[in-house]
Amino acid sequence: MMPEGQGAPASPQAFRSSPDRGSSGPAACPPPQLPAPGSPESPAPRRGAIRASFPQKLAEALSSQYGLNVFVAGLLFLLAWAVHASGVGKSDLLCFLTALMLLQLLWMLWYVGRSSARRRLKDTHAGARWLRGSITLFAVITIILGCLKIGYFVGFSECLSATEGVFPVTHAVHTLLQVYFLWGHAKDIIQSFKTLERFGVIHSVFTNLLLWANSVLNESKHQLNEHKERLITLGFGNITIVLDDHTPPCNCTPPTLCSAISHGIYYLYPFNIEYQILASTMLYVLWKNIGRKVDSHQHQKMQFRSHGVTLGSVLGLAALAATIGVVVVYLIWIGRSKPRSESALLMFYLYAIILLILMGAAGLAGIRIHRLDEQSLDESKNPARKLDADLLVGTASGSWLISWGSILAILCAESRPPYTWYNLPYSILVVVEKYIQNLFIIESIHREPEKLSKDIRTLQVVTVCNGNATSLPSSCFESRPAAGDVAPQGSEMPHAANGNMCLGEVGSKEEQKSWEGALGPACHPRFLQGNAQRRVLRNIAAFLFLCNISLWIPPAFGCRPEYDNGLEEIVFGFEPWIIVVNLAMPFSIFYRMHAAASLFEVYCKI
């Protein structure tokens, strides 16, 4: 409850019983008491506060530039190794990454040790429990991946450098401590040693981004080798096929175990990739929260409710089961023979077109419900929510780049195999569906919780002063008074029902229009009111959540028609198109997982 007094709105009960109000309207609100200029309560900013903000802005700029330089240097190491640059080997790259991880480990140990002696302010929006649970799951699989890499090093120890054994051990220790750090400190709002902490956190952000880029590069090299072999089967013999083989130049003992370990590593890379990018986003929110002033708005706890979402869950699970079946058949058929490969591509396009149409329709229905409801939006400062929205749009651009490239290739190609025509509606739907889904998610995460929104509308009406506008439209009187909400006898004050209060009788038409604009949707009928509306939105969120998980699986596990149909390589050239796909595909894969995480938050918030 907001305390009543100067600067606080009066409650409805106090408003009804006020003895000083006139007979035709509410009591006049006392004029606000502004502090005299120069007084201690003057709102003018203090010079000391302005001067104190300058070093922090400078520290933010310096730390961000430091992080970008580390990232650029690491990317050059990755590029040099990828193109077999003279004098730069894999051991040099792994030494650089290991040094970055060790430096981050030292900082995290110092931070954890210093934080144990003091309590920190918390950002309730950051580091949700389900988010930390997700990163823990991915971290466990990342540690398993590290164990496989250690086994791979032991098998090929005769011809591998020691750095290839040190790196997975360091990475496993780094993963364990980082997950512990994020569980305990992802919500921290750092207010001391802010300059030093900015450098430590931004170093951690870009260290994880470089580890992510390293995993993406390793996984992409493996996918590219398989892709080149499939193109031969499809009959694209005019494309230069040169396999980029990084197999160590010695025998592994035992050979069967080494082969199983080698294949298992690449099947676990997608989970490692998601772990690194998720850790970097959580650390970035921690960096943005350094020195932040905490607002008084309390974050409402999100609760997971499984009741009333049968339809959305059943449709989503059906999509997930269909996806697993399509991926299994695709991986079995592709590359076996030309007819089988074409059938695999045709099957994938038909499946994806149907799923994208259903997802687009669900997103449009959710946006339509939001438009009819016109619930108030939460515009408070929230680094975690802003990052979510920026990542949705930014990572969607990866698949948009691939889709527009495919559209242009289909339109400009001299000859087109029949299965490539299905790529045209598929590529268009990828663009449209992500556009619609982004709108639905961004609007949903910015909407006020229902109870909070009603309380705000009540306070806005109760605090109306007796000025030029002295009456409210009678259309507000349609709401019935709640049980037990009885006005005093002889009172001209109407009831406060459903959190919306209306005062007086209808004045002129101009007054009625102005009040309707001020009160917003509180005085208008709503479509699918209350529980029915929330049930429909939860079904939409559940369906889209499972569909995004479904669409994350195919590219993450090697089902990539952008590689396999061969038409884009003919139009753009093999190397340019492969570069585009290798740069854009990681963002497209991350988009689906990030959209699923955002939709889970939307579901819990509804």
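Here, residue 1 is simply the first one shown, and the rest follow in order.
Glycine is no exception: its Cβ is also placed from the backbone N, Cα and C atoms.
What TrEMBL says about a protein is an automatic prediction, not a curated fact.
What TrEMBL records for this protein:
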type	residues	note
REGION	1-47	region 'Disordered'
COMPBIAS	28-43	compositional bias 'Pro residues'
TRANSMEM	66-87	transmembrane segment
TRANSMEM	93-113	transmembrane segment
TRANSMEM	134-154	transmembrane segment
TRANSMEM	166-183	transmembrane segment
TRANSMEM	266-287	transmembrane segment
TRANSMEM	308-334	transmembrane segment
TRANSMEM	346-370	transmembrane segment
TRANSMEM	391-411	transmembrane segment
TRANSMEM	536-558	transmembrane segment
TRANSMEM	570-591	transmembrane segment
Item to check | Recorded stretches the transmembrane segment (93-113) and the transmembrane segment (66-87) touching, at least 3 CB pairs under 8 Å | outcome: yes
Checklist outcome for this item: The answer for the transmembrane segment (536-558), taking Cβ pairs under 8 Å and residues 6+ beyond its ends, is 223, 226, 267, 270, 305, 308-309, 311-313, 315-317, 319-320, 322-324, 326-327, 330-331, 348, 352, 355, 358-359, 362-363, 365-366, 369, 437, 440, 444, 528, 585, 588-589, 592-593, 595-596, 599-600, 602-603, 606
Next on the checklist: If contact means at least 3 Cβ pairs within less than 8 Å, sequence distance 6 or more, would you call the transmembrane segment (266-287) and the transmembrane segment (346-370) in contact?
Outcome noted: no
Next on the checklist: If contact means at least 3 Cβ pairs within less than 8 Å, sequence distance 6 or more, would you call the transmembrane segment (134-154) and the transmembrane segment (66-87) in contact?
Outcome noted: no
Next on the checklist: Please report, as numbers and ranges, the same-chain residues at least 6 past the borders of the transmembrane segment (570-591) whose CB is under 8 Å from any CB of it.
Outcome noted: 212, 216, 220, 224, 227, 236, 238-240, 270, 273-274, 277, 392, 394-399, 401-402, 405, 408-409, 412-413, 434, 552, 555-556, 560, 562-563
Checklist entry - Which residues, given as numbers and ranges, are at least 6 beyond the ends of the transmembrane segment (308-334) yet have a Cβ under 8 Å from it? => result 230, 340-341, 343-345, 347-348, 351, 355, 358, 535, 538-547, 549-551, 553-554, 557-559, 564
